[in-house]
Every structure is written in structure tokens, then in C-alpha cells.
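The following features are taken from TrEMBL:
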TRANSMEM  50-70  transmembrane segment
TRANSMEM  90-109  transmembrane segment
TRANSMEM  121-143  transmembrane segment
TRANSMEM  164-188  transmembrane segment
TRANSMEM  194-216  transmembrane segment
TRANSMEM  228-249  transmembrane segment
TRANSMEM  269-290  transmembrane segment
TRANSMEM  311-330  transmembrane segment
TRANSMEM  350-376  transmembrane segment
TRANSMEM  411-431  transmembrane segment
TRANSMEM  437-459  transmembrane segment
TRANSMEM  511-531  transmembrane segment
């Protein structure tokens, strides 16, 4: 049997990093992932899959039409808030679907199948961790964020610490969204090339063009309502496909009877918990989720919708995990697969499309590729709109042009969508370091943004000195801790460092997060004391922490009334947002 050219054996993708840490079977000395090399290794000599191609084209047309139709709602309202938050009009049904679809992206599904097939179910931490984080957001963060009428997740940070300090905290989010959209598009290109045998670059360009177009036309209206259709495709495609994978003649579950669950060596338990906490808490400070939470009609709708979505998202991971186990239990020689056998580690990230293509009938495989395409597009459009919203509201409006008109802001948002979407597409096509770059950004969401957002919402005494100190300390310690995927050697080697595996076994991410939180609290309390007591004259308060405290207290008083009114069914969050923005302008 013909053997395909062996792919680079050093690939480490986002899912592998987040879903697990190196097992005794693996080394941490990885090279960068190259989508095109892996694609070459697993493509077969079959002709273009015409029925599959027609089905995917029909799916894309349907998504585009739905996006345009519902995007016309934005055309009736020319306000920036209509485009960013769909006029805060999302009801429970649409909210559940769009929040779930945002979570259940291409990386979420492919990563779940990959980790289950390679290391066992115990290493599929991402679905459980991220869904737990989403539930925490629903119970604790959503009431505060939606109740106070913010427009983006970074509004409370800028209102409290000033526009420029708040803008500094935006950096990890922007780069995280940009590289994540590029990563899922690259994965989609390789996946479509496996099942349909068409050019991966063409698939990337067409998929991103569709997502960019309907996001450009309708903003959150288009994204939210296309999410409904995309989630239906994902659910139907995976639920129908996974029984065929389990019952395929080449699959013998006895082969994995002893290792399907996986094993956690005692020395790696701390690192395992560290990655689990990264998934839980690192999944909380994401603008893409808060954009939907803030777009809900009321606080109650936001809470209930997000809670239900966390359960649905977890359930959606089950078919992917099962198909990953089926793939690891398959005798690939007994299928039409014509690549290297046994499957090299590089191909574990493609276990889901491989199982769909070779362990399912052709119609089911086509339905499956529709599911994966839907998952990727639901992630890509969310990331594009998320980053564009932050650039428009928190950078352009709050810093560059505070007096910009609504029409101007809408066009700035649309231009941002084009730029961000195009950048993501170009990176997906040409760059080989997408996953590595996003890995560091994901880490920073946990070690930097999670303590910043949490302390901002629940500690009135925090100020810009503490925030800036926490940012610098957390960011610096994370870089000094090393990251093999990015070629960063560890300057700090924590207790239990494994030189042979080049791995930090100490839970250093959680440690850095806690150190950053302590810095924010202690520096804030110290600077508040020295300035308020006159030990240091107020004229040396360059970041104006005393004025911040006054404005923060005034804003808290202002927003408490709209919250109470909303509890009786009225909506006063726009007034709250305007008052908050006024307070922010006073601060500057």
C-alpha cells in the first residue's frame, strides 16, 4: 500500500496544549505546526468529491443568505450599539444558540477528539473546563456586566483605571482573537482537503469571505442568527455520525479497553490541575462571550441563557470524544485510508475528520464536514466581531475620537471587520506559527486578564497603579517561565522542573495568576493609603487614583438605580452606559 510522505513530527496545537500536558510518551521539544505539511501527508489520490463539494457550497449559500436577511435589522438602526449588541434584543432562544455556538468551535471539537484518541478521556479537559468557566460567568460575572450596561468587557477596566491603562489590557484579547480565527480557518482548510480533496487555501479564502461578508453587513444580528443554523448543523452532523464510527467493521473497542480513560502519573498531577484551572478561569475573560451576554434583553435572560449554553456545549463534546476513541480503536489497514500507518502523532489533531471520512458512509461524512465547517465559521465570525468591537469602542471611540458620530463608529467597525478578517485569513494561509502564538495569548488571558477583571468587578479599592503593576509582573513572569512551542527557554525553573522533558511540572500558571492578583490588591491599597493620608502629595498622583476612587463611587451610585429598575422589567441600561461614559471622560 502506498505510504504518504511523513509529516513533521513536532506539531503541537492549541488543543493539545490546553487539553493536556505532555505525558511520559511525549517530549516537550516540539517544532511548529505546519498545516500544509500535515495536509500533504494525509490526502489521498481520490478525485474531487463532487457530492460533498455541492453540499458544502449549498451550506455556505444558506449561511450567507441567513446572515444577510437578519443583518437587515441592523440597517433599520444606524447606532453603533445596534451593530455591536443587536440593540440588546436577544431573547432566550437565540442567546442559548449563539453562546453555545461560540463555545463549540472547530478547535473545541477537533481538540476533544484528538486528546481522547491520543491520551484518553481524562485529558479532554477543555470541554469540562471551559463549560465550567462559562457556568461561573453566568452565575457571577453576567449579572454585574449586563446589569451595569457595559458595551464591551473592557468598559469596566477603562472606566476604573483610565482609558490608556485599560487599552493596555486589551492587547492579549486582540491577539488571541486574531490568531484563534486564523488557526480555526487553517484547520478547516486542511479538514476540507481531506474529505473533499480540494485545495486548502481555496477553502480558507471562501470560508473566511462568507464569514466576513455577513458579519460586515449585520454585525451581531447576523452572527447570532447564523449561529442558530450553524449549531443545528453541528448537532445533527455529529449525533448522526458518531454511531457509524463506533459500529464500523474496522473498529474494535477491545484494542483500547485498557487505555481509553487515560492515566495521570503522580508527578504530573499538579500540572494537570494547573491546565484544568487554565481552562476554567482562562475561559472567563473572553469578549466574544460577553458580547452575547451584554446583548441579552435582561440580566435574567443573560444568566439563564449562559447557564443552559454551558450544559449544551459540554454535551456537544461527547460525540467528538467518542469518535476520537473510535479512531484510536480502528484498524486503519481495514479502511480506505491510504496514509502512514500507524497514525503518527501529527495526525491526531485530524482524528475527527479522519473518522468522519473513513469510518462513516459518504453521506454521513458530507454531513460531518458541514458540522465542522459550521463550527469553524461560528468561531471565526465571533472572533472577528469581538476584536472589531474592542477596536471600535475601547480604542477608537474612547481614545482617538470620543466625539465620533454613530454613523462614523458603524463604519469604523465595518472597516475593522474587513481588516481583522483579512489579517486572520492571510495568517491562516501563510503562517506556520499560529498555534504557538495563540498558546501564549491563551495563557495571558488566565494569568493577566482573569485577575484584572475579577478584582475590577469586586474590589472597589483597586486602582490603576495596582492594575499596571499586576499586568507587568504577570506578563514578565509568564515570559520568564518559558514556552517550548515559541522557542522560549525557561529562565525561571520552578520546583519539580523536568529537564529531560523540558517541562515545568509545577503549576506555574496558577502561581503567576495569584502573584498578579496579590500585586494588584497590595499596590492598590498601598497607593490609596499614601495619597489619601498625604504621605505623598496628591500632585504626584500621576495616574489620578484619588479621582478614580471618587468617580468609581459616583458611578456605582449611578448604576445601582438602573439595576433595581430592570429587576421590575424595565430597561435602563443605556442611561447607565451613558453615565458611565461620562464618568470616564471626567477621569481623563
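In case you wondered, yes, glycine gets a Cβ from its N, Cα and C as well.
When Cβ distances are compared across the two stretches, the transmembrane segment (90-109) makes no contact with the transmembrane segment (194-216), since fewer than 3 pairs at least 6 residues apart fall below 8 angstroms.
Between the transmembrane segment (269-290) and the transmembrane segment (350-376), fewer than three CB pairs separated by 6 or more residues in sequence fall under 8 Å, so the two stretches do not touch. Remark: the transmembrane segment (350-376) makes no contact with the transmembrane segment (437-459), by the rule of 3 or more CB pairs under 8 A.
Under the criterion of 3 or more C-beta pairs below 8 Å, with sequence separation of 6 or more, the transmembrane segment (164-188) and the transmembrane segment (437-459) qualify as touching. Listed as Cβ neighbours of the transmembrane segment (411-431) (distance under 8 Å, sequence separation of 6 or more from its ends, same chain) are residues 80, 83-84, 177-179, 181-183, 185-186, 189, 201, 204-205, 208-209, 211-212, 215-216, 219, 380, 383-385, 387-389, 391-392, 396, 404. Listed stretches 121-143, 194-216, 311-330, 437-459, 511-531 were compared with the transmembrane segment (228-249); the greatest number of C-beta pairs under 8 angstroms is found for 311-330. Of the candidate ranges 121-143, 194-216, 311-330, 511-531, 511-531 has the most C-beta pairs within less than 8 angstroms of the transmembrane segment (437-459).
Counting residues 6+ beyond its ends, the transmembrane segment (311-330) has Cβ neighbours under 8 Å at 96, 100, 103-104, 108-110, 112-118, 121, 124, 127-128, 130-131, 134-135, 234-235, 238-239, 241-242, 245-246, 248, 250-256, 260, 351-352, 354-356, 358-359 in the same chain.
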